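Student: Feature list, courtesy of TrEMBL:
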BINDING   Phe32, Lys55, Arg88, Thr168, Gly169, Asp170, Arg261, Lys267, Asn290, Asp291  ATP binding site
BINDING   Asp287, Asp291  Mg(2+) binding site
DOMAIN    313-571  domain 'P-type ATPase C-terminal'
TRANSMEM  344-365  transmembrane segment
TRANSMEM  377-397  transmembrane segment
TRANSMEM  427-450  transmembrane segment
TRANSMEM  470-496  transmembrane segment
TRANSMEM  508-525  transmembrane segment
TRANSMEM  531-557  transmembrane segment
Amino acid sequence: MGYKFTTRRPRSVNIQVGHHDLEYEILNVCEFNSTRKRMSTIVRGPDRKIKLYCKGADTVILERLSPDNEFVDATLQHLEDYATEGLRTLCVAMREIPEKDYQSWSQVYDRAATTIQNRSEELDKAAEMIEKDLFLLGATAIEDKLQDGVPETIHTLQQAGIKVWVLTGDRQETAINIGYSCKLIQEDMSLIICNEPTHWETKEFLETKLKAIRSTLQRGDDIEPLALIIDGKSLGFALEKDIEKVFLDLAVMCKAVVCCRVSPLQKALVVKLVKRNLNSILLAIGDGANDVSMIQAAHVGIGISGLEGLQAARSADFAISQFRYLKKLLLVHGAWSYQRLSKLILFSFYKNICLYTTQFWYAFYNGFSGQTVYESWTISLFNIVLTVLPPLSLGIFDQYVSARMLDRYPQMYMLGQKSEFFNVRTFWGWASNAIYHSVVLFFAVAFIFSNDLILSNGTIGGAWVMSVTLYTAVLATVLLKAGLITEYVFFAAILWNKYAYISIPGSMIFWMGFFPIFAVVGAKIGLTPEYYGIVAALYTQPTFWLSIVLLPIFCNLRDYTFKYMKRTFFPRTYHYVQEIQKLNIPDYRPRMERFRKAVHKVRNIQRLRRNRGFAFSQNESGTGRLIRAYDTTAQKPRG
């Protein structure tokens, strides 16, 4: 158009219009923030006139216009067209300020800028005084495309039983278009749009819709999927104490929720409302500085590091580079982590209950004298050396199904939502099983050694022979149980990973090789005098070897039978997926998916809706001050 922005200095900018170089003096800048939703600049032009230029959301600009504005209707039509195409819109307005009015306002602004207490509030009040009687210049619209894989990711998350709410600062039409383009809103959904201007009208609207839905459900009638669309003004009323419960109940009944024209504070308040009233785990994801409060308010915060800066990524628990990576983070790594941690916790309790309950049974034999059945150093080795690797192998490397299967069947994520692997019943089942194993092991060993062990030289073995036999049988039982719950054994062609080999058979082999050295050296230096001469007496007896082989097998035979019966006659959903993975059964659903995509494409063409973008505006107060302090005419230092 012939206008060139050529030079920036800390207090002025130069613009070339045709062959004329015009300098504009920057007098004041009223910064953008989430409450104001606008930004203003006061400049003195070459004609020495003072003008204010303001840009911001249409909702805040239009209400500050003077009565004599000829472009309002045309601009509103343009905004409607732009928003329908999914573009991000702003309104631009200006006013000419008389010198006298500016001088008096400048004093108010200077006092607000130098105050110590409530500086931001005072600056907002000062800006409110001058940002009035504006003349609308027009509107701007920019395209911000969706990242690759966003529609597929949101659709997959919904299949996994995850409810997705979109909180955005865009116009309502833009937000609805984004909802369609990212598959959050489907063609068969009914839209509930709340644009009420007052508190009581918002309350009446939400209560009416909620009552209608509940009455339909009580009659037993089916209702089509619902999507709730609410703008920032109505949301502000909906978050008040007397309405928030109604709003939340209605939102929970909807398959999708879109909150548009919301501020960062409102984003955080929506998250806190759900946290306070629902027993649900919340994840917030955003890529801009105005998403930081929402990310920090949620249980889990994820920041996208991209063109919007790193504020969100720095404030989050996890940082990813693209939205589509959220699918793998949740459905694969999240599912693995839940199942692994469940096994780790349950197995850790199991192995300790199994070992230490045998000492409780031994108390009935020693008259509750306090005598332990195991040597003290041997007890310490159980947790810090001999059984430390199996929980780590289970908690880090175990996979109950592959990543490909978890990606193919997102419904597997619901296992965590239903507490399939870790709940009160499962915990007490493991605890009862540990007690059962301790009973079998202790009383079997006690029966075997009831008349003591007669050695070949005519002497008896003593209590410590029984002690080491029981201890080794407990260790073998615990390690065999770890092998039994390692999923690779049952669906990956009877193959373990190398860490399972190191942790399970490796721990047993280490103990059998380490004990003779430990017993002989410990007895000589006085560390374990109880083990003096025990190695030759123990390792030459068939009773010892039969006990540490047969007793663990007998204990885990019941567990193996239970697992076999469960998989064969009472299979769970993940058992089917494991068999599909083991037999490499092809999936015929991609054909149906391609057909569904073709139908969806035809509908999009018919509706003349183009897939446009989704992004988050960013607070520019920090970077803005830095840019405005930059001088393009200054000599750059040489390196």
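Backbone N, Cα and C define each Cβ position, glycine as well.
Nobody curates TrEMBL annotations by hand; they come from automatic prediction.
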Student: Using a Cβ-Cβ cut-off of under 8 Å, list the residues of the same chain that are 6+ residues beyond the ends of the transmembrane segment (508-525) and lie near it.
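Tutor: Contacts of the transmembrane segment (508-525) (Cβ under 8 Å, skipping residues fewer than 6 from its ends): 377, 385-386, 468, 472, 475-476, 479, 531-535, 539.
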Student: Rank the binding-site residues Arg88, Asp287 by how many other Cβ atoms lie within 10 Å of each Cβ and give me the one with the fewest.
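Tutor: Minimum Cβ neighbour count within 10 Å, taken over the binding-site residues Arg88, Asp287, occurs at Arg88.
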Student: What residue among the binding-site residues Arg261, Asn290, Asp291 has the most other CB atoms lying within 10 A of its CB?
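Tutor: Answer returned by the neighbour count: Asp291.
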Student: Do the transmembrane segment (427-450) and the transmembrane segment (531-557) share at least 3 Cβ pairs closer than 8 Å, excluding pairs fewer than 6 residues apart in sequence?
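Tutor: They are in contact.
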Student: Specify the count of other C-beta atoms within 10 Å of the C-beta of Gly169 (ATP binding site).
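Tutor: Taking all protein chains shown, Gly169 (ATP binding site) has 24 Cβ neighbours within 10 Å.
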Student: Taking 10 A as the limit, how many CB atoms besides its own sit near the CB of Phe32 (ATP binding site)?
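Tutor: Within a 10 Å radius of the Cβ of Phe32 (ATP binding site) lie 19 other Cβ atoms.
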Student: Where else in the chain does the transmembrane segment (531-557) make close Cβ contacts, counting only residues six or more beyond its ends and a cut-off under 8 Å?
Tutor: 375, 436-437, 440-441, 444-445, 448, 453, 455-456, 461, 464-465, 468-469, 472-473, 476-477, 480-481, 484, 515-516, 518-520, 522-523
Student: Reported as an integer number of Å, what is the Cα distance between Gly169 (ATP binding site) and Asp291 (Mg(2+) binding site)?
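Tutor: Roughly 10 Å, rounded to the nearest whole number.
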Student: Between the Cα atoms of Phe32 (ATP binding site) and Asp291 (Mg(2+) binding site), find the distance and write it as a whole number of Å.
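Tutor: Roughly 15 Å, rounded to the nearest whole number.
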Student: Could you tell me the C-alpha distance between Arg261 (ATP binding site) and Asp291 (Mg(2+) binding site) in angstrom, no decimals?
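Tutor: Arg261 (ATP binding site) and Asp291 (Mg(2+) binding site) have their Cα atoms 13 Å apart.
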Student: Any idea what the Cα distance is from Asp287 (Mg(2+) binding site) over to Arg88 (ATP binding site), rounded to a whole Å?
Tutor: 16
